[in-house]
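**Student:** Can you read through this structure? Questions will come right after.
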Amino acid sequence: MRIGIAGAGAFGSALAVTLARAGREVTLWARDEGAVQTMRDTRRAVRLPDVDLPAGIDPVSELSSLFSCDTILLALPAQVTRGFLEAHAGALSGRTLVACAKGLDLTTLTGQGAIVVESVPDAVPALLTGPSFAADIARGLPTALTLACPDDAAGRALQHDLSTPDLRLYRSTDLAGAELGGALKNVIAIACGACIGAGFGDSARAALMTRGFAEMQRLAAALGARPETLMGLSGFGDLVLTCSSELSRNYRYGLALGRHEDWDAATTVEGAHTARAVADLATKRGLDLPISAVTARMVAGELTPQQALETLINRPLKEE
Ligand SMILES: NC(=O)C1=CN([C@@H]2O[C@H](COP(=O)(O)OP(=O)(O)OC[C@H]3O[C@@H](n4cnc5c(N)ncnc54)[C@H](O)[C@@H]3O)[C@@H](O)[C@H]2O)C=CC1
Ligand SMILES: O=C(CO)COP(=O)(O)O
């Protein structure tokens with residue numbers, strides 16, 4: 001069985017590497033022909049320093065090679081997924097499509113699994129998410145993730161197809177919970193980075209993580225997710241990782257905001273878009289999500305971290 005991966009960025013490449021090391025044949029598609037040629041010539045990942053590509057990986061730039069795979073992992077940035085699927089819905093018909101990005105679509109305010117369902121209705125939709133840095137996966141470090149698939153039988157088959165000796169997949173049928181956990185934790189990670197960057201300390205960060213998790217659960221429940229999914233790898237697990245490690249781009253972006261430092265706009269920071277989407281969802285649904293709201297305003301340049309802190313700490317006192 002050949003597995004296709006759309007997107008040869010850090011995550012797509014890391015997944016390709018662990019799958020190929022475990023003996024799977026992988027077609028790794030990138031839009032950039034130059035990057036594909038480089039990967040073919042050097043057998044190195046373009047977005048992961050010092051990572052060799054095992055022989056089982058075939059880097060391609062022709063979409064026809066990708067579309068010939070029955071199972072395709074979508075490892076493009078979250079704002080790109082919908083356009084890609086809609087543009088190629090016919091060619092992707094009937095495939096198993098595994099969303100791997102972490103973010104809400106800004107135009108429709110939907111998560112990555114829902115985007116698959118809406119864009120290619122006759123595909124088997126699935127989602128791979130949870131605490132994992134691409135660099136860790138590529139190095140063969142042990143990682144556990146959530147594989148969500150509403151079709152339990154298809155999910156069981158996929159779990160076996162995508163698990164490797166280093167990558168342990170736990171099954172779920174809760175697509176909504178899994179997609180929201182992965183998307184929403186990025187917003188809280190930006191807030192935590194800003195908190196540390198501005199010098200507010202570890203205690204304040206712990207408060208942000210805890211109250212941020214409460215916001216994640218509130219929004220996810222309103223959108224039909226199961227509460228226990230948020231308690232798992234895709235929610236709590238990824239929140240802990242991303243809010244506490246400088247390997248996270250979302251966290252580092254927050255650090256830069258807190259320190260008033262420049263940031264390279266070409267770096268993928270999913271939480272910056274998702275913060276706006278969450279603010280829009282909160283307004284539409286009348287939900288109180290104060291940490292996400294001030295994070296969206298910090299990202300937009302409307303609040304400094306100090307002003308964000310004052311906004312949060314001066315809210316009326318309430319029961320936990
Ligand atoms: N890097 C990581 O540790 C992890 C990343 N993810 C998620 O995976 C998704 C992708 O992240 P990364 O691979 O890290 O990002 P990246 O920035 O390393 O790579 C993104 C790739 O998408 C390509 N791309 C951008 N726009 C495109 C378009 N319109 N059409 C085709 N290709 C396009 C870029 O050329 C690049 O190769 C994100 O949603 C991220 O949250 C999930 C888990 C871990
Ligand atoms: O999702 C991730 C870890 O699980 C990667 O985090 P960043 O996108 O913040 O680097």
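Each Cβ is built from the backbone N, Cα and C atoms, and glycine gets one as well.
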**Student:** Pick from LYS102, LYS318: which one does TrEMBL list with ARG249, ASN250 for the same substrate site?
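**Tutor:** Matched candidate out of LYS102, LYS318, per TrEMBL for substrate with ARG249, ASN250: LYS102.
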**Student:** Per 10 Å Cβ neighbour count, which of the binding-site residues ALA8, ALA10, VAL269 ranks highest?
**Tutor:** ALA8
**Student:** List the Cα distance (Å, whole number) between ALA10 (NAD(+) binding site) and ASP238 (sn-glycerol 3-phosphate binding site).
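**Tutor:** Checking the Cα atoms of ALA10 (NAD(+) binding site) and ASP238 (sn-glycerol 3-phosphate binding site) gives a distance of 17 Å.
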**Student:** Give the subset of the binding-site residues ALA8, ASP238, SER248, ARG249 lying near ligand 2, defined as CB under 6 A from any of its atoms.
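**Tutor:** So the answer is ASP238, SER248, ARG249.
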**Student:** So among GLY7, PHE11, GLY12, VAL269, GLU270, all listed as binding-site residues, which is physically nearest to SER132 (sn-glycerol 3-phosphate binding site)? Use the C-alpha atoms.
**Tutor:** PHE11
**Student:** Along the domain 'Glycerol-3-phosphate dehydrogenase NAD-dependent N-terminal' (3-153), what average pLDDT does this model show?
**Tutor:** 98
**Student:** What binding-site residues among LYS185, ASP238, SER248 have a C-beta sitting less than 6 Å from any atom of ligand 1?
**Tutor:** none
